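Chemist: Straight from TrEMBL, here's the annotation block:
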- 10-149: domain 'Threonine/Serine exporter ThrE' (DOMAIN)
- 6-23: transmembrane segment (TRANSMEM)
- 57-75: transmembrane segment (TRANSMEM)
- 82-110: transmembrane segment (TRANSMEM)
- 130-151: transmembrane segment (TRANSMEM)
Amino acid sequence: MIIIDILSDGLFAAVAGIGFGAISDPPLRVVRIIGLLAAVGHACRYCLMSITEMDIATGSLAGALIIGFGSIWLGKKVRSPMIVLYIPALLPMIPGKFAYNMVFSQIMFLQNVNSPIERTKYMEMFFSNTMVTCTVVFLLAVGATLPMFLFPRRASSLTRNKTIK
């Protein structure tokens, strides 16, 4: 049953990644690579969170690292800049539930200004969801761009005809 969950998570992430990629109108040769990177990265995060009970921030970092390294490796094969591959693949990993709850708790806080107990509850919800959202988005950015800083020559030569030594 867990295999089906992992595959369905990867499939839905691939569809979302391809959809986000279609917005930026990439070459058709990279669309399936975007889907593959999104599926593998999101499935990795899902596995780490469900099987090893890792937190969402660390799981997202691991998934983003896989997407980042995969975009360098696969970007060379399809002759495409890594940013074309990793940005749409990362977007399905944005923690939308936490971002929604952050905005919802802010609105509820403003509607319950006269009730100290409710106000405190929504303020705690707001800061908790804000911390999770900002941390995950930051770690997604770090994980996706770290390979570019570790291998600058490889990252900058993805669209050139020269061979990498």
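Numbers here mean position along the shown chain, with the first residue as 1.
Glycine is no exception: its Cβ is also placed from the backbone N, Cα and C atoms.
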Chemist: Between the transmembrane segment (57-75) and the transmembrane segment (6-23), are there three or more C-beta pairs closer than 8 Å, counting only pairs 6 or more apart along the chain?
Modeler: no
Chemist: Given a Cβ distance threshold of under 8 angstroms, which distant residues of the chain, six or more beyond its ends, lie next to the transmembrane segment (6-23)?
Modeler: 30-32, 34-43, 46-47, 84, 87-89, 91-93
Chemist: State the residues, same chain only, that lie 6 or more residues beyond the ends of the transmembrane segment (130-151) and have a CB under 8 A from a CB inside it; answer 'none' if no residue qualifies.
Modeler: 56-58, 60-65, 67-69, 71-72, 82, 86-87, 90, 93-95, 98-99, 102
